[in-house]
C-alpha cells in the first residue's frame, strides 16, 4: 500500500470497517489501536487522513472509543464517525453506518453489540436515511460515492445485504450515485449494475481472506473477483475514473475505467 500510495500520490485513505478484529476496541487506550493501525501503516505515503466507518466487529467492542477524539491525539490521521461526508472537490464521499441496518445482529446471542447512540433503531435509521437523502440531493459533485461496511451486492461469503437493497439502494439509484464501496466480505470484487450506472466495489481483503466459498453470480454483472488479500485504489480526474485492485505485493490484478462524458466502461 505504501508503494502504490507513493506512485499515485494519494490524497487520503478510506477504511471500509471492521477496523479492529475481532471485537473492536475495549477503550481509547486499547493497544489494538497501535498494533492494528498506528504501527502498521507507517509508509510516508500513508501519512494522510484516514476516513473510517464502523463494521459489525467494531460494534462488538466499545464503539464510543473508536469515535472518540482521544484517538486523534494518539494518531492525527484517524477519523471515524458513524455517518459523515467528505467533500473532495470533484467527488463527494458519503459514509454510511451500515451495521444497524442488519437485522441478524439484533438477535445474535453469541456476541454482544454496543448499540449506544443507535437506539431507538427505527428512529436512528430514519434520521440517517433522511440526512443522506438531503445530502445526495444537495450535492453537485461530478462523482458521488457512498461508502459502507456491508455490501449491497457481493458474491463473497456474506453475499448481498437484503436490508441495504431494500432501504438504501433505491435512494442511490434516484440520486445517481456512481459507486458504492464496502468491506465485510474478505475479498476484492467489482460488480456492475445491469439496470443503472452504480458500480459495486468490495475491498475487504485486509486479512482473513482465501475463504473459498464464492457464490454463483450473474456473469454479466460480475466483472472481477479475487478471493485473496489485497487493496484497491481510486483515481478521479475530471470526468474520468480509474479503479485498480492489487494483491498484497502491489501487483495490479484488475483495472476498470469510466468516463462521465462517454458513459462507458472497459
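For all residues, glycine too, the Cβ spot is worked out from N, Cα and C.
Annotation source TrEMBL lists domain 'Calcineurin-like phosphoesterase' at 4-187. Among the features that TrEMBL reports, Fe cation 2 binding site is placed at 18, 56, 149, 184. Here TrEMBL flags 18, 21, 186 as Fe cation 1 binding site.
Residue pair residue 186 (Fe cation 1 binding site) / residue 18 (Fe cation 2 binding site) shows a Cα separation of 11 Å. Across the domain 'Calcineurin-like phosphoesterase' (4-187), the model assigns an average pLDDT of 98. Those same-chain residues not listed among 18, 56, 149, 184 yet with C-beta within 8 angstroms of the centroid of the Fe cation 2 site C-beta atoms are 16, 17, 54, 55, 57, 58, 98, 99, 150, 183, 204. The Cβ neighbour count for residue 184 (Fe cation 2 binding site), using a 10 Å radius and every protein chain shown, is 26. Of all the binding-site residues listed here (149, 186), the one with the fewest other CB atoms within 10 A of its own CB is 186. Around the Cβ of residue 56 (Fe cation 2 binding site), a 10 Å sphere holds 22 further Cβ atoms from the protein chains shown. Between the alpha carbons (Cα) of residue 149 (Fe cation 2 binding site) and residue 21 (Fe cation 1 binding site) lies a span of roughly 14 Å. Counting only same-chain residues at least 6 apart in sequence, those with a Cβ under 8 Å from the Cβ of residue 18 (Fe cation 2 binding site) are 55, 56, 57, 58, 149, 183, 184, 204. All protein chains considered, the CB of residue 21 (Fe cation 1 binding site) has 16 other CB atoms within 10 Å.
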